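Taken from Swiss-Prot as is:
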- 27-47: transmembrane segment (TRANSMEM)
- 85-105: transmembrane segment (TRANSMEM)
- 115-135: transmembrane segment (TRANSMEM)
- 141-161: transmembrane segment (TRANSMEM)
- 181-201: transmembrane segment (TRANSMEM)
- 223-243: transmembrane segment (TRANSMEM)
Amino acid sequence: MTVDPIHQFEIKRYVDLLNFGGVQFSFTNAALFMFGIVAIIFFFLTFATRGRTLVPGRAQSAAEMSYEFIAKMVRDSAGSEGMVFFPLVFSLFTFVLVSNVVGLIPYTFTVTAHLIVTAAMALLVIGTVIVYGFVRHGTHFLHLFVPSGVPAFLLPFLVVIEVVSFLSRPISLSLRLFANMLAGHIALKVFAFFVVGLASAGVVGWFGATLPFFMIVALYALELLVAMLQAYVFAVLTSIYLNDAIHPGH
């Protein structure tokens, strides 16, 4: 049996839509799961907030807790003015969280294990920071790259560092989520092949497969924790970066 832990990330074309300028646009398994994840979030929130009561049920409690959790995160990171970005942060958090959790189900597809998806979300965040910063503050937004209280001879050097640091944000934001999801799913796949391979060796193999099996269970629990943690980290960093668009001064 050939172990191919990368096969689970393969993009498969289902329907060819159009060819524009030599670029083929297709409906793929990645698009299918992204539409499905958005549908899951939409229908859950619609169901949970339908017929709201003073004493909430489980679904309503989960929706309200999610709302308050992200709202507090945004207020703590960007102040009350940052609530203008609440829809963006909440949408990104729920999308990343549900994508990560759905990806743990066997024979599904993990969209956040693809760099193009995480990079698109990271560029959306940084693009929002830049556009909102210039719209609200004009050229004063450039003060974000000018540290206050530093000697004049160090200023050019520090401005370059600040610009490079700002431009590296979408890279680190996208790579962190992508790498964690990719590595975790590869590890799960490898240990799953160990279990199947050893179990096929007979009675002795069944005993040998016991340790990898329990390691898979432990890895699944760890991956579930990582899935939630990465969604939280992505949302926190998004809130912190958006704070720069509201308060660009150092």
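Using the three backbone atoms N, Cα and C, a Cβ is placed for every residue, glycine included.
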Tertiary contacts of the transmembrane segment (223-243), as residues 6+ beyond its ends and Cβ separation under 8 Å: 70, 73-74, 76-79, 82, 85, 88-89, 92-93, 96-97, 100-101, 103-104, 112, 121, 125-126, 128-129, 132, 169, 173, 176-177, 180-181, 184-185, 188
Close approaches to the transmembrane segment (85-105) from elsewhere in its chain (Cβ under 8 angstroms; 6 or more beyond its ends): 33-34, 36-38, 40-41, 66-67, 70-71, 73-74, 78, 111-113, 121, 124-125, 128, 177, 181, 185, 220, 223-224, 226-228, 230-232, 234-235, 238-239, 242
